[in-house]
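As recorded in Swiss-Prot, the features of this protein are as follows:
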BINDING   H96, H506  Cu cation 1 binding site
BINDING   H98, H141, H567  Cu cation 2 binding site
BINDING   H143, H508, H565  Cu cation 3 binding site
BINDING   N503, C566, H571, M576  Cu cation 4 binding site
DOMAIN    46-162  domain 'Plastocyanin-like 1'
DOMAIN    173-328  domain 'Plastocyanin-like 2'
DOMAIN    444-586  domain 'Plastocyanin-like 3'
CARBOHYD  N51  N-linked glycosylation site
CARBOHYD  N92  N-linked glycosylation site
CARBOHYD  N124  N-linked glycosylation site
CARBOHYD  N193  N-linked glycosylation site
CARBOHYD  N217  N-linked glycosylation site
CARBOHYD  N331  N-linked glycosylation site
CARBOHYD  N355  N-linked glycosylation site
CARBOHYD  N412  N-linked glycosylation site
CARBOHYD  N454  N-linked glycosylation site
SIGNAL    1-29  signal peptide
Amino acid sequence: MKRCQSSRPTAAVAAVVAAVSMIIVLVSGTAIPSAAAAAAVEHTFVVSQVNMTHLCKEMAFTVVNGQLPGPTIEVTEGDSVTVHVVNKSPYNLTIHWHGVYQLLNCWNDGVPMITQRPIQPNHNFTYRFNVAGQEGTLWWHAHDAFLRGTVHGALIIRPRHGAASYPFPRPHREVPIIIGEWWEKDLPQVDRNMTNGYFDDYSSGSTINGKLGDLFNCSGVLEDGYVLDVEPGKTYLLRIINAALFSEYFLKIAGHRFTVVASDANYLTPYSTDVVVIAPGETLDAIVVADAPPSGRYYIAAQPIQAPPPDTQTPEYATRGTLQYSSNSRNSSAAAMPEMPHQHDTMRSFYFRGNLTAGARLHRHGRRRVPARADESLFVTLGLGSVCRHGGASCKRGGNLKESIVVANVNNVSFHIPAAAATPILEAHYYHRLHAGAGEEEEELAERPPRAYNYTDQALTPFGPEEMRLEATSRAVVTRRFRHGATVDVVFQSTAMLQGDSNPMHLHGHDVFLLAQGIGIYDAARDEGKFNLVNPPRKNTVLVPNLGWAAVRFVADNPGAWLMHCHFEFHLSMGMAAVFIVEDGPTVDTSLPPPPEDF
């Protein structure tokens, strides 16, 4: 059958990138040094709309430099990075550097109305940050209006002393694998719909490195799929990123196994498995040895995961690429398909994560061990509720969309992003202003929800009388302040209100230690004894299991205003977020500097 080829950057877009890059280099007066000797890495991101045709439909998509996924940023630990963003799209946006510590550099975290005002159409903005003390796979993405569905790319940090210093055999080649979704919709409109309580929008497919694969077709013409060429006996490091807006995925390669060696740019004790599980926002580094018969072709399959009925079922689409041996690249025989876990096998995800522990090189770059105890603790429920439309104080709740809006919440408060006319939260904090802006209501994230209930009772629903028995959700700019250097425990508790959703919770500006996870309701007297205080994995994104909990510990040692949120994009739009404000320490070296001069 014929195949539908993926789109390529247009000549016009390439010309714009080249021209803008040349202008920036001339203005700055700095040449870009060679990769071998470079301490400074410089990129230009031109954000624009390009037409792409898939599934028999041509649409304009917002991308960077005319490509999907966007450019890969490759750096060495200790390098400085400069990225000039030229916004030629019709949308406001920012770029977030997912997982980068941004130590004493919160101004460059890239979150609209938290750390900066968004970059408006036909405006430019320059991000500057260092990648000190980190090695591994991170990524970058837009942080506004669902645009990260097409505005994203890999950020790879290699060891300062080269690939020979990896704590695993040096790979023959390193390969980014980005799992995403294909949307036949205007993504900012999807964001507006969900912010207003309407949930009828779903993706049309899943992708591997921007390609839908041969499970999809247009009038019988198969979609182009990603192809990984390998050499027999060689070792490959797959840098896997879940850039999807909605779904956790199983990833499996027929006839091959993975050795998972890192997650979220933190080394792990090597873990051998035939399937990896990855949630939105997470990264995994996995070694694959090309040791299958080279005469064969092997599918690389990615399958979304969702909780089984009676939880809400949504359209989910698997995708697949192909692993083939270079000595047999002309082989057109049928590829072998791996036997995939069932899409409802959420416990497979739970046990996969339970097998991950920190590697022996955790403490490289002076990273601290997990503190033995916490200075303060939060118990944070993740749920749904409703607020009255049009700012009303009283309305019929329980799914009456004419009077109320279904929102997501943390401890029964739904996060409201400050309006564009307000002052960004970081700026308000730095200049000691009490509020994020005129007319913006702030509320402190409480240590616990306002009322305890049976959080995992599956009779609970946000669309009926049970929801109406709970307190009405409030909507505010939700913040929580921490003393510099405080050790903080957070237990995230999933609730049945979420209708089967797990929750990948991401904290900006910090890694957290994943101490434990469980199914059911967290009980401190019973569950604190399960905390791993020896070798817990370090993460920037932690999946809270469906009808379960996850306990994390972090040290609030990076001053600034850091967003904490669910990385399911619709949960963020609906309000499952808060801002963790870390106060300055006692010295200049522990205090946030003023904003950059050109900020």
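Glycine is treated like the rest: Cβ placed from N, Cα and C.
What Swiss-Prot annotates, mapped onto the structure for a quick look.
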residue : record                      : Cβ within 10 Å
N92     : N-linked glycosylation site : 19
H96     : Cu cation 1 binding site    : 26
H141    : Cu cation 2 binding site    : 26
N355    : N-linked glycosylation site : 13
N503    : Cu cation 4 binding site    : 28
H506    : Cu cation 1 binding site    : 25
H508    : Cu cation 3 binding site    : 28
C566    : Cu cation 4 binding site    : 28
H567    : Cu cation 2 binding site    : 25
H571    : Cu cation 4 binding site    : 25
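Of the recorded residues, H567 (Cu cation 2 binding site) and N51 (N-linked glycosylation site) place their C-alpha atoms 27 Å from one another. Within 8 Å of the Cβ centroid of the Cu cation 4 site, not counting the listed residues N503, C566, H571, M576, the chain contributes L382, A408, D501, P504, M505, H565, H567, F568, L572, M574, A577. Spacing of N454 (N-linked glycosylation site) relative to H141 (Cu cation 2 binding site) is 37 Å (Cα to Cα, whole number). Taking the glycosylation sites N124, N331, N454 in turn, the residue surrounded by the fewest other Cβ atoms inside 10 Å of its Cβ turns out to be N454. Across the structure, N355 (N-linked glycosylation site) and N503 (Cu cation 4 binding site) are spaced 19 Å apart at their Cα atoms. Close to the recorded Cu cation 2 site, the chain also has H96, W139, H143, R148, H152, A243, P280, G281, H506, T541: residues not among H98, H141, H567 whose Cβ is within 8 Å of the site's Cβ mean position. Across the domain 'Plastocyanin-like 1' (46-162), the DSSP tally of helix, strand and coil residues reads 6 helix, 60 strand, 51 coil. Model confidence over the domain 'Plastocyanin-like 3' (444-586) is summarised by a mean pLDDT of 91. If you check the binding-site residues H98, H141, H143, H565 against N503 (Cu cation 4 binding site), the ones with a Cα inside 10 Å of its Cα are H565. Taking the Cβ of H98 (Cu cation 2 binding site) as reference, residues of its chain lying under 8 Å away and at least six apart in sequence are, in sequence order, L138, W139, W140, H141, L155, G281, H506, N540. With respect to their backbone Cα atoms, N92 (N-linked glycosylation site) and H508 (Cu cation 3 binding site) stand 21 Å from each other. Counting only the Cα atoms, the space from N193 (N-linked glycosylation site) to H571 (Cu cation 4 binding site) is about 12 angstrom. When the CA atoms are compared, no recorded positions among the candidates N51, N124, N331, N412, H571 lie within 10 A of H143 (Cu cation 3 binding site).
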